[in-house]
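Have a look at the structure below, then the notes.
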Ligand SMILES: Nc1ncnc2c1ncn2[C@@H]1O[C@H](COP(=O)(O)OP(=O)(O)OP(=O)(O)O)[C@@H](O)[C@H]1O
(Lines of atoms letter the chains of each structure in order from A and count residues from 1; the text may use other names and numbers.)
(Lines give C-alpha, C1' and ligand atoms only; values in the text may rest on other atoms or scores of the structure.)
Protein backbone atom coordinates (compact mmCIF):
# COMPACT_ATOMS: atom_id res chain seq x y z
CA UNK A 1 0.00 0.00 0.00
CA UNK A 2 1.33 3.41 -0.91
CA UNK A 3 1.83 6.33 1.43
CA UNK A 4 -1.40 7.47 3.06
CA UNK A 5 -1.99 11.23 2.50
CA UNK A 6 -1.80 13.32 5.72
CA UNK A 7 -5.42 14.52 5.41
CA UNK A 8 -6.60 10.87 5.31
CA UNK A 9 -4.45 10.04 8.36
CA UNK A 10 -6.08 12.95 10.18
CA UNK A 11 -9.56 11.81 9.10
CA UNK A 12 -8.88 8.28 10.35
CA UNK A 13 -7.63 9.61 13.70
CA UNK A 14 -10.78 11.66 14.04
CA UNK A 15 -12.90 8.59 13.27
CA UNK A 16 -11.05 6.43 15.81
CA UNK A 17 -11.65 9.09 18.46
CA UNK A 18 -15.32 9.56 17.53
CA UNK A 19 -16.12 5.88 18.06
CA UNK A 20 -14.75 4.58 21.37
CA UNK A 21 -13.78 0.91 21.21
CA UNK A 22 -12.96 1.03 17.52
CA UNK A 23 -9.22 1.25 18.08
CA UNK A 24 -9.10 -1.90 20.15
CA UNK A 25 -10.78 -3.97 17.43
CA UNK A 26 -9.71 -2.42 14.16
CA UNK A 27 -6.59 -0.67 12.96
CA UNK A 28 -7.48 1.85 10.26
CA UNK A 29 -5.09 1.60 7.32
CA UNK A 30 -6.35 3.72 4.45
CA UNK A 31 -9.38 5.32 2.86
CA UNK A 32 -10.58 3.23 -0.07
CA UNK A 33 -13.80 4.81 -1.18
CA UNK A 34 -16.04 7.78 -0.86
CA UNK A 35 -19.66 7.80 -1.94
CA UNK A 36 -22.63 10.09 -1.53
CA UNK A 37 -23.63 8.51 1.75
CA UNK A 38 -20.44 7.15 3.23
CA UNK A 39 -16.67 6.93 3.42
CA UNK A 40 -15.06 3.50 3.30
CA UNK A 41 -11.78 2.58 5.00
CA UNK A 42 -9.55 -0.46 4.84
CA UNK A 43 -8.70 -1.75 8.31
CA UNK A 44 -7.09 -4.68 10.03
CA UNK A 45 -9.25 -6.96 12.17
CA UNK A 46 -7.10 -6.95 15.32
CA UNK A 47 -9.01 -9.60 17.27
CA UNK A 48 -9.51 -11.93 14.30
CA UNK A 49 -13.18 -12.42 15.29
CA UNK A 50 -14.58 -11.25 11.96
CA UNK A 51 -12.47 -13.54 9.86
CA UNK A 52 -13.22 -16.39 12.27
CA UNK A 53 -16.98 -16.04 11.94
CA UNK A 54 -17.11 -15.08 8.27
CA UNK A 55 -14.16 -16.96 6.84
CA UNK A 56 -15.94 -18.26 3.75
CA UNK A 57 -16.66 -14.71 2.63
CA UNK A 58 -13.03 -13.69 2.39
CA UNK A 59 -11.40 -14.10 -1.00
CA UNK A 60 -8.25 -16.10 -0.86
CA UNK A 61 -5.60 -14.32 -2.84
CA UNK A 62 -2.93 -16.71 -1.66
CA UNK A 63 -1.76 -14.05 0.77
CA UNK A 64 -2.95 -15.11 4.24
CA UNK A 65 -2.29 -11.63 5.63
CA UNK A 66 -5.02 -10.25 3.34
CA UNK A 67 -7.62 -12.32 5.12
CA UNK A 68 -7.28 -10.06 8.15
CA UNK A 69 -8.57 -7.01 6.32
CA UNK A 70 -12.02 -5.56 6.65
CA UNK A 71 -13.79 -2.56 5.14
CA UNK A 72 -15.28 -0.06 7.56
CA UNK A 73 -18.16 1.87 6.06
CA UNK A 74 -18.77 5.07 7.98
CA UNK A 75 -22.29 6.15 7.20
CA UNK A 76 -22.59 9.92 7.13
CA UNK A 77 -24.57 11.52 9.94
CA UNK A 78 -26.70 13.23 7.29
CA UNK A 79 -28.25 9.86 6.41
CA UNK A 80 -31.63 9.45 8.07
CA UNK A 81 -31.89 6.87 10.87
CA UNK A 82 -34.49 5.04 8.77
CA UNK A 83 -32.13 4.79 5.86
CA UNK A 84 -29.30 3.50 8.05
CA UNK A 85 -31.57 1.01 9.77
CA UNK A 86 -32.87 -0.15 6.39
CA UNK A 87 -29.38 -0.74 4.98
CA UNK A 88 -28.09 -2.60 8.04
CA UNK A 89 -31.24 -4.65 8.35
CA UNK A 90 -31.17 -5.72 4.70
CA UNK A 91 -27.47 -6.54 4.93
CA UNK A 92 -28.24 -8.69 7.93
CA UNK A 93 -30.93 -10.53 5.96
CA UNK A 94 -28.45 -11.11 3.15
CA UNK A 95 -25.68 -12.79 5.11
CA UNK A 96 -26.15 -16.18 3.44
CA UNK A 97 -24.44 -15.67 0.09
CA UNK A 98 -20.74 -15.31 -0.62
CA UNK A 99 -21.66 -13.04 -3.54
CA UNK A 100 -23.15 -10.41 -1.26
CA UNK A 101 -20.84 -8.57 1.15
CA UNK A 102 -22.15 -9.54 4.60
CA UNK A 103 -22.51 -7.27 7.58
CA UNK A 104 -19.88 -8.73 9.92
CA UNK A 105 -20.14 -6.21 12.71
CA UNK A 106 -21.68 -2.80 13.37
CA UNK A 107 -20.53 -0.07 15.73
CA UNK A 108 -22.50 2.92 16.89
CA UNK A 109 -21.65 5.81 19.16
CA UNK A 110 -24.19 8.66 19.26
CA UNK A 111 -24.77 9.58 15.62
CA UNK A 112 -21.69 7.72 14.33
CA UNK A 113 -22.54 4.43 12.63
CA UNK A 114 -19.99 2.05 11.18
CA UNK A 115 -20.73 -1.12 9.24
CA UNK A 116 -17.97 -3.70 9.04
CA UNK A 117 -17.66 -5.84 5.89
CA UNK A 118 -14.93 -8.15 4.61
CA UNK A 119 -12.39 -6.29 2.49
CA UNK A 120 -12.34 -7.44 -1.14
CA UNK A 121 -9.36 -6.94 -3.41
CA UNK A 122 -11.02 -5.83 -6.63
CA UNK A 123 -10.26 -4.00 -9.84
CA UNK A 124 -11.98 -0.81 -10.96
CA UNK A 125 -14.40 -1.43 -13.83
CA UNK A 126 -12.77 1.35 -15.84
CA UNK A 127 -9.54 -0.63 -15.86
CA UNK A 128 -10.91 -3.79 -17.44
CA UNK A 129 -14.23 -3.27 -19.23
CA UNK A 130 -12.55 -2.59 -22.57
CA UNK A 131 -10.35 -5.66 -22.52
CA UNK A 132 -12.26 -8.42 -20.76
CA UNK A 133 -12.62 -11.28 -23.26
CA UNK A 134 -16.06 -12.74 -23.86
CA UNK A 135 -15.35 -15.59 -21.41
CA UNK A 136 -14.44 -12.98 -18.80
CA UNK A 137 -17.68 -11.08 -19.45
CA UNK A 138 -19.54 -14.36 -19.03
CA UNK A 139 -17.92 -14.93 -15.64
CA UNK A 140 -18.56 -11.34 -14.52
CA UNK A 141 -22.24 -11.58 -15.44
CA UNK A 142 -22.64 -14.99 -13.90
CA UNK A 143 -21.25 -13.71 -10.58
CA UNK A 144 -23.48 -10.63 -10.68
CA UNK A 145 -26.60 -12.60 -11.60
CA UNK A 146 -25.96 -15.16 -8.88
CA UNK A 147 -25.69 -12.33 -6.37
CA UNK A 148 -28.98 -10.92 -7.67
CA UNK A 149 -30.67 -14.29 -7.71
CA UNK A 150 -29.95 -14.51 -3.98
CA UNK A 151 -31.00 -10.92 -3.24
CA UNK A 152 -34.20 -11.28 -5.27
CA UNK A 153 -35.03 -14.61 -3.63
CA UNK A 154 -35.30 -12.66 -0.37
CA UNK A 155 -37.78 -10.28 -2.03
CA UNK A 156 -35.23 -7.45 -2.02
CA UNK A 157 -34.59 -4.95 -4.84
CA UNK A 158 -31.02 -3.56 -4.80
CA UNK A 159 -32.04 -0.44 -6.82
CA UNK A 160 -28.49 0.71 -7.48
CA UNK A 161 -26.81 -1.93 -9.63
CA UNK A 162 -23.79 -0.36 -11.31
CA UNK A 163 -20.13 -1.31 -11.67
CA UNK A 164 -18.96 0.58 -8.56
CA UNK A 165 -21.41 -1.43 -6.44
CA UNK A 166 -20.22 -4.77 -7.75
CA UNK A 167 -16.66 -5.34 -6.61
CA UNK A 168 -15.09 -7.65 -9.14
CA UNK A 169 -11.71 -9.28 -9.34
CA UNK A 170 -11.00 -10.38 -12.94
CA UNK A 171 -8.02 -12.39 -11.82
CA UNK A 172 -10.01 -14.54 -9.36
CA UNK A 173 -13.20 -14.39 -11.46
CA UNK A 174 -15.11 -13.42 -8.33
CA UNK A 175 -17.51 -10.62 -7.58
CA UNK A 176 -19.47 -9.35 -4.64
CA UNK A 177 -22.42 -6.99 -4.38
CA UNK A 178 -22.13 -4.02 -2.01
CA UNK A 179 -24.06 -0.90 -1.06
CA UNK A 180 -27.62 -1.64 -0.07
CA UNK A 181 -28.23 2.02 0.80
CA UNK A 182 -31.10 2.33 -1.67
CA UNK A 183 -32.30 -1.25 -1.44
CA UNK A 184 -35.84 -2.04 -0.37
CA UNK A 185 -38.25 -4.89 0.00
CA UNK A 186 -40.14 -5.45 -3.22
CA UNK A 187 -43.40 -5.38 -1.30
CA UNK A 188 -42.59 -1.90 0.07
CA UNK A 189 -41.62 -0.57 -3.34
CA UNK A 190 -45.15 -1.05 -4.52
CA UNK A 191 -46.51 2.16 -3.12
CA UNK A 192 -50.00 0.77 -3.41
CA UNK A 193 -49.24 -1.38 -0.41
CA UNK A 194 -48.37 0.20 2.90
CA UNK A 195 -48.41 -1.69 6.16
CA UNK A 196 -50.07 -4.61 4.42
CA UNK A 197 -53.02 -2.49 3.30
CA UNK A 198 -53.90 -1.95 -0.31
CA UNK A 199 -54.20 1.76 -1.03
CA UNK A 200 -55.33 2.30 -4.57
CA UNK A 201 -55.37 5.92 -5.48
CA UNK A 202 -54.90 7.53 -8.84
CA UNK A 203 -51.40 8.73 -7.87
CA UNK A 204 -50.05 5.35 -6.98
CA UNK A 205 -51.90 3.00 -9.26
CA UNK A 206 -50.01 1.84 -12.33
CA UNK A 207 -51.99 0.08 -15.06
CA UNK A 208 -49.04 -2.24 -15.72
CA UNK A 209 -50.18 -4.11 -12.64
CA UNK A 210 -53.33 -5.16 -14.47
CA UNK A 211 -51.16 -6.11 -17.44
CA UNK A 212 -49.00 -8.23 -15.16
CA UNK A 213 -51.96 -10.01 -13.66
CA UNK A 214 -53.48 -10.62 -17.07
CA UNK A 215 -50.26 -12.40 -17.93
CA UNK A 216 -50.34 -14.38 -14.73
CA UNK A 217 -53.24 -14.83 -12.34
CA UNK A 218 -56.26 -12.62 -12.89
CA UNK A 219 -56.67 -9.72 -10.52
CA UNK A 220 -59.81 -7.66 -10.42
CA UNK A 221 -59.72 -3.93 -9.93
CA UNK A 222 -62.77 -1.79 -9.35
CA UNK A 223 -62.39 -0.33 -12.83
CA UNK A 224 -62.54 -3.63 -14.66
CA UNK A 225 -64.73 -5.58 -12.31
CA UNK A 226 -68.02 -6.48 -14.01
CA UNK A 227 -70.02 -4.78 -11.23
CA UNK A 228 -68.13 -1.58 -11.65
CA UNK A 229 -68.33 -1.36 -15.43
CA UNK A 230 -69.24 2.16 -16.40
CA UNK A 231 -69.09 3.40 -12.79
CA UNK A 232 -65.65 4.93 -12.59
CA UNK A 233 -64.70 5.37 -8.96
CA UNK A 234 -62.73 8.49 -8.14
CA UNK A 235 -59.83 6.40 -6.86
CA UNK A 236 -59.25 4.83 -10.24
CA UNK A 237 -57.22 6.33 -13.02
CA UNK A 238 -59.53 7.70 -15.64
CA UNK A 239 -57.01 8.40 -18.37
CA UNK A 240 -53.28 8.68 -18.75
CA UNK A 241 -51.77 10.21 -15.59
CA UNK A 242 -49.55 12.69 -17.27
CA UNK A 243 -48.15 12.89 -20.71
CA UNK A 244 -44.41 12.48 -21.13
CA UNK A 245 -44.34 15.28 -23.62
CA UNK A 246 -40.71 15.82 -24.43
CA UNK A 247 -41.21 18.75 -26.73
CA UNK A 248 -43.86 20.87 -25.15
CA UNK A 249 -43.28 20.30 -21.47
CA UNK A 250 -46.17 19.77 -19.09
CA UNK A 251 -49.47 21.58 -19.57
CA UNK A 252 -49.62 24.73 -17.45
CA UNK A 253 -52.90 23.91 -15.80
CA UNK A 254 -52.51 20.20 -15.30
CA UNK A 255 -55.58 18.83 -13.59
CA UNK A 256 -54.57 15.19 -13.59
CA UNK A 257 -52.61 14.17 -10.52
CA UNK A 258 -48.96 13.40 -10.87
CA UNK A 259 -47.76 9.87 -10.44
CA UNK A 260 -45.74 9.11 -7.36
CA UNK A 261 -43.14 6.40 -7.16
CA UNK A 262 -39.67 5.66 -5.89
CA UNK A 263 -37.20 6.89 -8.49
CA UNK A 264 -34.02 6.24 -6.50
CA UNK A 265 -31.04 4.88 -8.41
CA UNK A 266 -28.12 6.13 -10.45
CA UNK A 267 -28.61 7.99 -13.69
CA UNK A 268 -27.93 5.94 -16.75
CA UNK A 269 -28.81 2.69 -14.97
CA UNK A 270 -32.47 3.29 -14.20
CA UNK A 271 -35.04 1.11 -15.91
CA UNK A 272 -37.73 2.73 -18.08
CA UNK A 273 -40.41 1.90 -15.51
CA UNK A 274 -38.45 3.85 -12.88
CA UNK A 275 -38.13 6.82 -15.26
CA UNK A 276 -41.85 6.54 -15.96
CA UNK A 277 -42.68 6.56 -12.25
CA UNK A 278 -44.28 3.15 -12.24
CA UNK A 279 -45.59 2.31 -8.77
CA UNK A 280 -45.39 -1.40 -9.43
CA UNK A 281 -41.59 -1.65 -9.54
CA UNK A 282 -40.03 -5.03 -9.02
CA UNK A 283 -36.68 -6.79 -8.87
CA UNK A 284 -36.67 -6.50 -12.68
CA UNK A 285 -35.31 -2.97 -12.34
CA UNK A 286 -32.00 -4.54 -11.25
CA UNK A 287 -31.97 -6.75 -14.35
CA UNK A 288 -32.26 -3.68 -16.58
CA UNK A 289 -29.14 -2.23 -14.89
CA UNK A 290 -27.29 -5.51 -15.55
CA UNK A 291 -28.16 -5.00 -19.22
CA UNK A 292 -26.68 -1.50 -19.16
CA UNK A 293 -23.42 -2.91 -17.73
CA UNK A 294 -23.34 -5.61 -20.42
CA UNK A 295 -23.91 -2.96 -23.08
CA UNK A 296 -20.85 -1.12 -21.73
CA UNK A 297 -18.74 -4.26 -22.11
CA UNK A 298 -19.85 -4.98 -25.65
CA UNK A 299 -19.84 -1.44 -26.99
CA UNK A 300 -16.82 -0.31 -24.97
CA UNK A 301 -18.60 2.77 -23.61
CA UNK A 302 -18.70 3.71 -19.96
CA UNK A 303 -20.81 5.35 -18.86
CA UNK A 304 -23.22 4.29 -21.58
CA UNK A 305 -26.06 6.73 -20.83
CA UNK A 306 -25.22 10.09 -19.33
CA UNK A 307 -28.35 12.23 -19.18
CA UNK A 308 -28.84 14.42 -16.20
CA UNK A 309 -32.59 14.11 -15.86
CA UNK A 310 -35.40 11.62 -16.43
CA UNK A 311 -36.69 13.26 -19.60
CA UNK A 312 -33.29 13.19 -21.28
CA UNK A 313 -32.80 9.62 -20.12
CA UNK A 314 -36.05 8.64 -21.83
CA UNK A 315 -34.85 10.42 -24.95
CA UNK A 316 -31.61 8.44 -24.89
CA UNK A 317 -33.62 5.22 -24.72
CA UNK A 318 -35.84 6.55 -27.49
CA UNK A 319 -32.82 7.00 -29.77
CA UNK A 320 -31.94 3.34 -29.33
CA UNK A 321 -35.38 1.71 -29.24
CA UNK A 322 -37.38 4.18 -31.36
CA UNK A 323 -40.59 6.03 -30.57
CA UNK A 324 -42.93 3.14 -31.40
CA UNK A 325 -41.56 0.87 -28.69
CA UNK A 326 -41.21 3.73 -26.19
CA UNK A 327 -44.83 4.76 -26.77
CA UNK A 328 -45.93 1.21 -26.15
CA UNK A 329 -43.84 1.07 -23.00
CA UNK A 330 -45.28 4.40 -21.79
CA UNK A 331 -48.83 3.24 -22.38
CA UNK A 332 -48.12 0.15 -20.30
CA UNK A 333 -47.56 2.52 -17.37
CA UNK A 334 -50.54 4.69 -18.25
CA UNK A 335 -48.57 7.45 -19.92
CA UNK A 336 -48.62 9.11 -23.29
CA UNK A 337 -45.35 9.70 -25.11
CA UNK A 338 -44.92 12.53 -27.56
CA UNK A 339 -41.65 13.49 -29.22
CA UNK A 340 -43.20 14.78 -32.42
CA UNK A 341 -41.29 18.08 -32.51
CA UNK A 342 -37.85 16.56 -32.09
CA UNK A 343 -35.65 15.88 -35.06
CA UNK A 344 -33.47 12.85 -35.58
CA UNK A 345 -35.54 10.41 -33.54
CA UNK A 346 -36.89 7.61 -35.63
CA UNK A 347 -40.01 5.56 -35.16
CA UNK A 348 -38.05 2.33 -35.16
CA UNK A 349 -34.73 3.26 -33.55
CA UNK A 350 -32.05 0.81 -34.57
CA UNK A 351 -33.89 -1.63 -36.80
CA UNK A 352 -31.31 -4.32 -36.10
CA UNK A 353 -31.91 -3.74 -32.38
CA UNK A 354 -29.16 -3.51 -29.79
CA UNK A 355 -26.78 -5.50 -32.00
CA UNK A 356 -26.93 -2.78 -34.64
CA UNK A 357 -26.53 -0.07 -32.00
CA UNK A 358 -23.35 -1.73 -30.69
CA UNK A 359 -22.06 -2.28 -34.22
CA UNK A 360 -22.47 1.44 -34.95
CA UNK A 361 -20.63 2.44 -31.78
CA UNK A 362 -17.78 0.04 -32.48
CA UNK A 363 -17.66 1.09 -36.11
CA UNK A 364 -16.62 4.58 -35.01
CA UNK A 365 -13.68 3.04 -33.19
CA UNK A 366 -12.74 0.75 -36.06
CA UNK A 367 -12.60 3.81 -38.30
CA UNK A 368 -10.49 5.68 -35.79
CA UNK A 369 -8.26 2.61 -35.41
CA UNK A 370 -8.46 2.88 -31.64
CA UNK A 371 -8.52 -0.78 -30.74
CA UNK A 372 -6.21 -3.62 -31.66
CA UNK A 373 -7.64 -6.11 -34.11
CA UNK A 374 -7.18 -9.01 -31.70
CA UNK A 375 -9.22 -7.50 -28.89
CA UNK A 376 -12.65 -8.41 -27.54
CA UNK A 377 -14.03 -5.36 -29.34
CA UNK A 378 -12.71 -6.60 -32.64
CA UNK A 379 -14.21 -10.04 -32.02
CA UNK A 380 -17.55 -8.44 -31.21
CA UNK A 381 -17.41 -6.18 -34.23
CA UNK A 382 -16.41 -9.04 -36.48
CA UNK A 383 -19.30 -11.12 -35.19
CA UNK A 384 -21.81 -8.31 -35.63
CA UNK A 385 -20.73 -7.49 -39.18
CA UNK A 386 -20.83 -11.13 -40.09
CA UNK A 387 -24.26 -11.42 -38.52
CA UNK A 388 -25.71 -8.49 -40.42
CA UNK A 389 -24.07 -9.05 -43.83
CA UNK A 390 -23.31 -12.74 -43.73
CA UNK A 391 -19.77 -11.92 -44.81
CA UNK A 392 -16.86 -12.95 -42.68
CA UNK A 393 -14.12 -10.44 -42.06
CA UNK A 394 -10.78 -12.10 -42.68
CA UNK A 395 -8.99 -12.73 -39.40
CA UNK A 396 -6.25 -10.21 -39.02
CA UNK A 397 -2.59 -11.08 -39.26
CA UNK A 398 -2.02 -9.50 -35.83
CA UNK A 399 -4.68 -11.81 -34.41
CA UNK A 400 -3.02 -14.92 -35.79
CA UNK A 401 0.40 -13.80 -34.65
CA UNK A 402 -0.83 -12.75 -31.22
CA UNK A 403 -2.50 -16.09 -30.57
CA UNK A 404 -0.12 -18.19 -32.65
CA UNK A 405 -3.09 -19.88 -34.25
CA UNK A 406 -3.08 -22.27 -37.17
CA UNK A 407 -6.04 -22.02 -39.56
CA UNK A 408 -7.63 -25.02 -37.87
CA UNK A 409 -7.33 -23.55 -34.38
CA UNK A 410 -8.60 -20.26 -35.68
CA UNK A 411 -11.78 -21.84 -37.01
CA UNK A 412 -12.36 -23.64 -33.72
CA UNK A 413 -11.67 -20.45 -31.82
CA UNK A 414 -14.08 -18.51 -34.00
CA UNK A 415 -16.85 -21.08 -33.65
CA UNK A 416 -16.57 -20.89 -29.90
CA UNK A 417 -16.22 -17.16 -29.61
CA UNK A 418 -19.03 -16.53 -32.08
CA UNK A 419 -21.47 -18.81 -30.39
CA UNK A 420 -20.58 -17.03 -27.12
CA UNK A 421 -21.35 -13.71 -28.78
CA UNK A 422 -24.60 -15.00 -30.17
CA UNK A 423 -25.86 -16.12 -26.75
CA UNK A 424 -24.43 -13.05 -25.04
CA UNK A 425 -26.52 -10.81 -27.29
CA UNK A 426 -29.55 -12.86 -26.38
CA UNK A 427 -28.86 -12.19 -22.69
CA UNK A 428 -28.50 -8.49 -23.50
CA UNK A 429 -31.88 -8.42 -25.26
CA UNK A 430 -33.50 -10.19 -22.33
CA UNK A 431 -32.08 -7.71 -19.82
CA UNK A 432 -32.91 -4.63 -21.86
CA UNK A 433 -36.52 -5.54 -22.56
CA UNK A 434 -38.66 -2.44 -22.08
CA UNK A 435 -41.63 -4.30 -20.60
CA UNK A 436 -40.58 -5.44 -17.09
CA UNK A 437 -43.08 -8.30 -17.15
CA UNK A 438 -41.38 -9.75 -20.21
CA UNK A 439 -37.85 -9.08 -18.94
CA UNK A 440 -36.11 -12.21 -17.66
CA UNK A 441 -35.38 -12.87 -14.01
CA UNK A 442 -31.84 -13.49 -12.74
CA UNK A 443 -32.57 -17.23 -12.53
CA UNK A 444 -33.93 -17.37 -16.06
CA UNK A 445 -30.85 -15.58 -17.35
CA UNK A 446 -28.53 -17.92 -15.48
CA UNK A 447 -30.14 -20.89 -17.14
CA UNK A 448 -29.60 -19.44 -20.63
CA UNK A 449 -27.20 -21.16 -23.04
CA UNK A 450 -24.59 -18.43 -22.61
CA UNK A 451 -23.80 -19.69 -19.09
CA UNK A 452 -23.93 -23.41 -19.88
CA UNK A 453 -20.22 -24.00 -19.62
CA UNK A 454 -20.14 -22.47 -16.12
CA UNK A 455 -23.02 -24.46 -14.69
CA UNK A 456 -21.00 -27.33 -13.34
CA UNK A 457 -18.07 -25.26 -12.21
CA UNK A 458 -19.59 -22.48 -10.17
CA UNK A 459 -23.32 -22.01 -10.22
CA UNK A 460 -23.72 -23.84 -6.96
CA UNK A 461 -24.07 -21.19 -4.29
CA UNK A 462 -23.83 -22.43 -0.77
CA UNK A 463 -26.61 -20.94 1.26
CA UNK A 464 -26.11 -21.93 4.83
CA UNK A 465 -26.07 -18.94 7.11
CA UNK A 466 -25.16 -20.99 10.15
CA UNK A 467 -21.54 -20.04 10.52
CA UNK A 468 -22.21 -16.33 10.04
CA UNK A 469 -22.47 -14.66 13.40
CA UNK A 470 -23.36 -11.03 13.70
CA UNK A 471 -21.99 -9.09 16.63
CA UNK A 472 -23.70 -5.77 17.20
CA UNK A 473 -22.40 -3.42 19.83
CA UNK A 474 -23.30 0.06 20.80
N1 LIG B 1 -16.01 -4.42 1.25
C2 LIG B 1 -15.29 -3.61 0.48
N3 LIG B 1 -14.05 -3.96 0.07
C4 LIG B 1 -13.31 -3.14 -0.71
N5 LIG B 1 -13.74 -1.93 -1.14
C6 LIG B 1 -14.98 -1.52 -0.78
C7 LIG B 1 -15.82 -2.33 0.04
N8 LIG B 1 -16.99 -1.69 0.23
C9 LIG B 1 -16.90 -0.53 -0.46
N10 LIG B 1 -15.70 -0.40 -1.06
C11 LIG B 1 -15.23 0.74 -1.88
O12 LIG B 1 -15.87 1.93 -1.44
C13 LIG B 1 -16.70 2.49 -2.48
C14 LIG B 1 -17.95 3.14 -1.88
O15 LIG B 1 -18.69 2.17 -1.15
P16 LIG B 1 -20.31 2.15 -1.16
O17 LIG B 1 -20.79 2.05 -2.57
O18 LIG B 1 -20.75 1.08 -0.22
O19 LIG B 1 -20.63 3.60 -0.57
P20 LIG B 1 -21.72 4.71 -0.99
O21 LIG B 1 -21.45 5.91 -0.12
O22 LIG B 1 -23.08 4.15 -0.86
O23 LIG B 1 -21.34 4.98 -2.51
P24 LIG B 1 -22.20 5.59 -3.72
O25 LIG B 1 -22.65 6.94 -3.34
O26 LIG B 1 -21.19 5.62 -4.85
O27 LIG B 1 -23.31 4.64 -4.01
C28 LIG B 1 -16.97 1.30 -3.42
O29 LIG B 1 -17.25 1.70 -4.73
C30 LIG B 1 -15.65 0.53 -3.32
O31 LIG B 1 -14.66 1.06 -4.17
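Along the chain as shown, the residues are counted starting at 1.
Even glycines carry a Cβ here, placed using N, Cα and C.
All TrEMBL annotations are machine predictions without curation.
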Given ranges 99-128, 129-158, 159-188, 189-218, the stretch to which TrEMBL attaches the annotation region 'Disordered': 189-218
Chain-internal residues, separated by at least six, CB under 8 A from residue 52 (ATP binding site): none
Averaged pLDDT, computed only over the residues in the domain 'Protein kinase' (26-451): 83
